[in-house]
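The next block holds one structure in the form of structure tokens; read it before the comments.
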């Protein structure tokens, strides 16, 4: 495609430059509007500058990609509600054998999770777990945070639903889910292993530090937090008196811990009631001689004894009866609450089972080659229906700003393509980027690597995807190379992928565990890891 008119080229370049600046640096001082607004601004300028028409702008929006993205986000929300990610967090510390074992677990679990539940979601839910594990072993957090972010990016390359750029590639290339997985899986497995080995080599001394006494003390607390996450069990001191508040507290604990013993407790209450009320025979069985001697000795003392006797016979038993009546009411309420809690627990277990079965069904449907977008949406709606409650709270957790960002990006990239600049640059690079020889693959990988870090990976895929595929003898391999390199390229720097930024922000904002992952500490590991993992993976893609 030849270059467009000079005016269209200049205006289109300005619109794309504005989009790029706001997408890569969302907090620009003079226009701090963020990525989503920057994407819409770039798309709007393409139409205003008449680089493309409004009809072309609407046609540029890929509804299949948006549908697949929406379905996976809704699905992730319900998986989080079903405690899937809490269980993954527990696996990080289950029967741990030390710091080196933990860092390998972080690499493995984050890679597998991101392949099926997206890398961004994995980083959101596992960052706090990783920080707690680092504190538990009294180790610096940054090796574990690097393991989480880098392995999540590598693992997400294996499936079309692992990250946004793979969604675009899967839709445009029409490669089936199973073929996509088989083509990149060997590279992903070896890449995760190599990445873990690089982390161990680079941070071997830090991971070998023995825990001090403070670390041992922290381990008890942290292990409980890692296992329970949001749950904090309360303890209760032993009661020593029978006032009403302690009765209620004690009986509540007893009822929760041993609900089958309700009938025994109620029987004891009846015995106490019978013992606390004096019978008429006992009252009448007072010796008469004693009463006569008291009457003869002092009339005032007799009156006092009569008043005291009346208080004992009427006031005290009535108070005990009222207290025991309240006790029976408490026991009956606790009994009904115990039954309700049991029913609720079984309902929750049944619902979780349905969520996991729907997950398995969705993966099977994807492996069978069904339409990925409609499969993800159908699975998400199935979970909404099975939940039997208002779906608004769950749907509010969907990142609609990301969907809007994609809409603006589709329009902006379409306009930039119409200027002819990407085609001209590719015509220059194409002879040196043939994938039928090693040098061509190396050159293509280098171009994708640089563009993914300069223009972000999704715009890179949109700009290069069709051109790389049409110029290659093996289109499928060309698409898979693009997916692999554009994804692993995110590990090069802290700004290379959204997953890196999520880990950085989540770690910085974590309550009582805050840690700042610096740009240079990430770059120190990211450059060698990206180059080595990318090179090894390219030899394994089929």
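Each Cβ is built from the backbone N, Cα and C atoms, and glycine gets one as well.
Under the heading transmembrane segment, TrEMBL lists 7-27 (among others).
What TrEMBL records for 27-489 is domain 'Citrate transporter-like'.
Positions annotated as transmembrane segment by TrEMBL: 33-52 (among others).
TrEMBL lists 59-79 (among others) with the feature transmembrane segment. Note on the transmembrane segment (59-79): residues 52, 85, 117-118, 121, 160-161, 164, 167-168, 170-171, 355, 359, 362, 372-380, 383-384, 387, 394-395, 397-399, 402-403, 406-407, 410-411, 413-414 of its chain, located 6 or more positions outside it, place their CB under 8 angstroms from a CB of the stretch.
Summarising the annotation, TrEMBL assigns transmembrane segment to 180-204 (among others).
Look at TrEMBL and you will find 372-388 (among others) tagged as transmembrane segment.
Sequence annotations record features per position, and here TrEMBL assigns transmembrane segment to 400-421 (among others).
Taken from TrEMBL, the feature transmembrane segment covers 441-466 (among others). Residues 20, 23-24, 163-165, 168-169, 172-173, 406, 409-410, 413, 416-417, 422, 426, 429, 432-433, 435, 479, 481-483, 485-487, 489-490, 492-493, 495-497, 530, 534-535, 538 of the same chain lie 6+ residues outside the transmembrane segment (441-466) yet bring a C-beta within less than 8 angstroms of a C-beta in it.
The transmembrane segment feature in TrEMBL is assigned to 478-503 (among others).
Annotated transmembrane segment per TrEMBL: 523-541 (among others), in sequence order.
Remark: the transmembrane segment (478-503) contacts the transmembrane segment (180-204), by the rule of 3 or more CB pairs under 8 A. Comparison of 7-27, 33-52, 372-388, 523-541 by number of C-beta pairs under 8 angstroms to the transmembrane segment (180-204) places 523-541 first. Residues 33-35, 37-39, 41-43, 45-46, 49-51, 408-409, 412-413, 415-416, 418-421, 455-456, 459, 495 of the same chain lie 6+ residues outside the transmembrane segment (7-27) yet bring a C-beta within less than 8 angstroms of a C-beta in it.
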